[in-house]
Amino acid sequence: MEEEMNIAILGCGNWGSVFGIIQDKNGHKVKIWEFDKKRAEYVQRTRDNRPFLLKYKIPDSIMIDWRLDNILQNSELVVFAVPCQTLGSVLVEIKKAGIKIKAFLSLIKGIDIKTLQLPAATIKKAFPESKCFVLSGPSIANEIIRNEPTAVVLAGNDLNRAKKLQGELATENFRIYLSDDMLGVELGGAVKNVLALACGISDGLGFGANAKGALISRGIVEIVRLGLKMGANPKTFYGLSGLGDLVTTSYSEESRNHVFGRMIGRGRSLNEIKKDFVMVAEGVPTAKAVMKLAKRYNVEMPITKVVYEILYKGKSPLQGLKSLMLRSLKNE
């Protein structure tokens, strides 16, 4: 850590809580916003944030509040850890607070299904005068809180400020690399959630490592195809925020998208799982957005299409994955 910062984290779920805890340990002053008044007061009083944190308490040094202006006041960095589809409404509330924000950092991995914008574009449209950065990569929150080694990538257009932020947020177990490809970093993190659903579906059907290896390797091809059309650097997708995150999310038993996909593969419906699933599996809404982008940019994304059809068009998981094998043969 270079120097102490006042950090406001918007979102008191699993990742927001864990990011707050590691930055609190890193010497920063952390405040976390929980939109639900009753829940915010409970967590502030008890430090208990179950079901998002099962074995850990939020330190007394971190303030939890439902009043957004209290959280934003004097903050040097505002961190978004909210579901992607709620980002727009949160930005409206920040505007209402009327507090000048120096810099934003997005931890969100998703695409807005209405605007088809990635989080940074949504943030910059609302606050063009503020700096905006994104952090992504293989970052299972429960591993991070156990102090297991983790490497992620920080991207932004202002590389001097990004380098300073890199030093301020990195810890001995949380290594941060830099990139100037915000689009690629965000796109890789978003689309890999859809592919992780595919890998989970494959596992739920009882398929083995061969099937998963094919889904991962052909899946990264789909990300690269779309990224190239959208103007990203293809090298980004073979780094931490692309391939690294895809492999982690596709194999981890603590990955929401992998677990969600496995339930689908075992025959449960989307609505059934949503009732029981406490946390948001970003790949579910993102599948819709990616299919719209694939159509807009005329990009072939067969794995993503199958996931979309399973989720929203009633295609059976087995029929969907088998259809990938029956496509016309071609060069790799």
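Just so it is clear, glycine is given a Cβ too, placed from its N, Cα and C backbone atoms.
Record check, TrEMBL: NAD(+) site residues include Gly11, Cys12, Gly13, Asn14, Trp15, Gly16, Ala141, Arg256, and the candidate from Phe35, Phe174, Phe237 also listed there is Phe35. Site annotation (TrEMBL): substrate is bound by Arg256, Asn257, and the candidate from Lys100, Lys102, Lys109 recorded at this site is Lys109. Predicted-model confidence for the domain 'Glycerol-3-phosphate dehydrogenase NAD-dependent C-terminal' (181-319) is 94, expressed as mean pLDDT. The CA atom of Gly11 (NAD(+) binding site) is located 19 Å away from the CA atom of Asn257 (substrate binding site).
Ranking the recorded positions Gly13, Trp15, Phe35, Lys192, Asp245 by Cα distance from Ala141 (NADPH binding site) puts Trp15 first. Cβ packing within 10 Å was compared across the recorded positions Lys109, Lys192, Arg256, and the lowest neighbour count falls to Arg256. Spread of the sn-glycerol 3-phosphate binding residues is 15 Å (greatest Cα-Cα distance among Lys109, Gly137, Ser139, Lys192, Asp245, Ser255, Arg256, Asn257).
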